[in-house]
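Pulled from TrEMBL:
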- 20-41: transmembrane segment (TRANSMEM)
- 53-356: domain 'Plant heme peroxidase family profile' (DOMAIN)
- Cys63-Cys143: disulfide bond (DISULFID)
- His94: active site, proton acceptor (ACT_SITE)
- Asp95, Val98, Gly100, Asp102, Ser104, Glu116: Ca(2+) 1 binding site (BINDING)
- Cys96-Cys101: disulfide bond (DISULFID)
- Cys149-Cys352: disulfide bond (DISULFID)
- Pro191: substrate binding site (BINDING)
- Thr222, Asp275, Thr278, Asp283: Ca(2+) 2 binding site (BINDING)
- Cys228-Cys257: disulfide bond (DISULFID)
Amino acid sequence: MAAQSYSIATIKTETKMAKWVAAFLIIITLELGITTSAATLNETCLGADISFQLQFNLYQNSCPEAESIVFSWVESAVAVDPRMAASLLRLHFHDCFVNGCDASVLLDDTATFQGEKTAPPNLNSLRGFEVIDAIKSELESVCPETVSCADVLAIAARDSVFLTGGPSWEVQMGRKDGVSASKAAATASLPGPNSTVAVLLANFQNVGLGLNDVVALSGAHTIGKARCSSFSSRISGGGGGGPDINLDFVQSLQQLCSSPELSTTATTVAAAELDKGTPFTFDNQYYTNLLSGEGLLPSDQALAGQDEETRMIVETYVEDSDRFFEDFMASMVRMGSLVGVVGNTGEIRRNCRFVN
C-alpha cells in the first residue's frame with residue numbers, strides 16, 4: 001500500500017508540474033507577442049437575456065472534474081505570472097458586458113467573420129486566451145462537448161479572485177457559447193478608462209446592473225496593470241474630478257510613462273499597477289487609494305471625486321473589507337447571470353476560438 005500511495009502522489013505531482021511548465025510556456029508566448037499597434041473601429045449590437053435558467057453543480061454528474069481542472073490551470077498560470085489573475089477576471093467582465101456571458105470575446109476573426117478581440121477596448125489589451133485554450137483542451141479530453149467556454153470564463157474569474165486572496169463563491173453554470181460576436185457592441189458597451197460616473201452608470205444600467213455594482217465591480221482593479229495610454233489624463237494632472245490632486249502620485253506616473261527607452265514601437269509597453277499598494281492581492285486597498293487621490297484610471301478616481309453616492313460606497317469599503325467582499329461576490333453573480341444566448345441558439349464549443 002505504501003508503494004502504491006507513493007506512486008499516486010508522484011503521478012499527481014508530475015501532472016501538476018507539467019501544467020506549471022505548460023503555463024510557463026503560455027505566459028512566455030503571451031509576453032513575446034505583445035505589440036503596440038493601433039486599435040481599429042467596429043459595428044453594433046446589445047442585449048443580455050437573463051431568462052435562461054442557470055444552475056449550481058450543473059456538471060456534478062456529467063463532468064465532475066470540471067471545476068478542479070479549471071482551478072488547476074488557473075493556479076499554475078497565476079503561479080507563473082501573478083498578473084494573469086487580473087487578466088482572466090477581465091476576460092469574464094469583457095465577455096458579459098457584450099451581449100451577455102456567451103464567450104463571444106474568445107472568438108477569433110476569420111475570413112468571413114469579425115469578432116470582438118480587435119475592438120478598441122480589447123485590442124492589445126485582453127490576455128489569457130491561451131490559458132482558456134489549455135483548460136478547454138483538457139475538458140474536451142475528459143468530458144467532450146459538455147462544459148461551455150462561457151462557464152469556463154466564469155469559473156476561472158472566480159478562481160483568480162480566490163487565488164489572490166479574495167473571496168470565493170459558488171458559480172452558477174449552464175451558459176451556452178454564442179455563435180456570433182460584435183466588434184461594434186464591444187466598442188459601445190464596455191466602459192472606457194476615461195468614463196465619468198454618469199457614463200459608467202449608463203453602461204451598467206444597459207445590462208441591468210446598478211450603481212452599487214459599478215463601485216463593487218470596479219474593485220477588481222485591486223489587481224492588474226494598465227498601460228500609460230489608458231490614464232494619460234491622469235498624467236497631465238487631471239482626470240477623475242474632485243478638487244484634490246495627489247501631485248506625488250501624478251509625478252510618479254509622469255516619470256514611468258516618459259521613460260526614454262519606451263516608444264510606440266517597443267515590445268515592452270509601460271504599464272502601472274492599478275493598485276500600487278498591494279498589486280497582487282485582492283483586497284480593499286484600491287478604495288483607500290481612491291480617497292488619497294491615487295486611483296490610476298480616471299474612471300476609478302471619479303468614484304471618489306465626482307459623485308457623493310459613489311464616494312459613500314467607497315468609504316464604506318475602506319472601513320469594511322468584508323462588506324466589499326460580500327458586495328463584490330453578489331455583483332459577480334449578477335453579472336455572470338447576463339446570459340445572451342438561450343436554448344438552441346447557443347452551443348458548447350469544442351474550441352473556444354471558433355464556432356463548431
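Just so it is clear, glycine is given a Cβ too, placed from its N, Cα and C backbone atoms.
Annotations in TrEMBL come from automatic prediction, not curation.
Using Asp95 (Ca(2+) 1 binding site) as the reference Cα, a 10 A cut-off selects none from the recorded positions Thr222, Cys228, Asp275, Thr278. Looking at Val98, Cys149, the recorded positions in this record, the fewest other C-beta atoms within 10 angstroms of the C-beta turn up around Cys149. Neighbour count (other Cβ atoms within 10 Å of the Cβ, all protein chains): 18 for Thr278 (Ca(2+) 2 binding site). Between the CA atoms of Asp283 (Ca(2+) 2 binding site) and His94 (active site, proton acceptor) there is a gap of 21 Å, rounded to the nearest whole number. A simple way to gauge crowding: the CB of Cys228 (disulfide bond) has 19 other CB atoms within 10 angstroms, across all the protein chains here. In space, Asp102 is the closest of the binding-site residues Asp102, Glu116, Pro191, Thr222, Thr278 to Cys63 (disulfide bond), judged by Cα positions.
For the pair Val98 (Ca(2+) 1 binding site) and Thr222 (Ca(2+) 2 binding site), the Cα-Cα distance reads 23 Å. Around Glu116 (Ca(2+) 1 binding site), the same-chain residues at least 6 positions away in sequence with a Cβ under 8 Å from its Cβ are His94, Val98, Ser104, Val105, Leu107, Asn122, Ala181, Ser182, Lys183, Ala185, Ala186. The Ca(2+) 1 site is defined by Asp95, Val98, Gly100, Asp102, Ser104, Glu116, and by the 8 Å test on Cβ atoms against their centroid, the other residues of the chain that qualify are His94, Cys96, Phe97, Asn99, Cys101, Ala103, Val105, Gly178, Ala181, Ala185, Ala186, Gly340.
The disulfide-bonded residues in question are Cys101, Cys352, and the one with the fewest Cβ neighbours inside 10 Å is Cys352. Among the recorded positions Cys101, Asp102, Cys149, Cys228, not one has its Cα within 10 Å of the Cα of Thr222 (Ca(2+) 2 binding site). Apart from Thr222, Asp275, Thr278, Asp283, the Ca(2+) 2 site neighbourhood in this chain, defined by C-beta within 8 angstroms of the site C-beta centre, holds Ile223, Gly277, Pro279, Thr281, Phe282, Asn284, Gln285, Tyr286.
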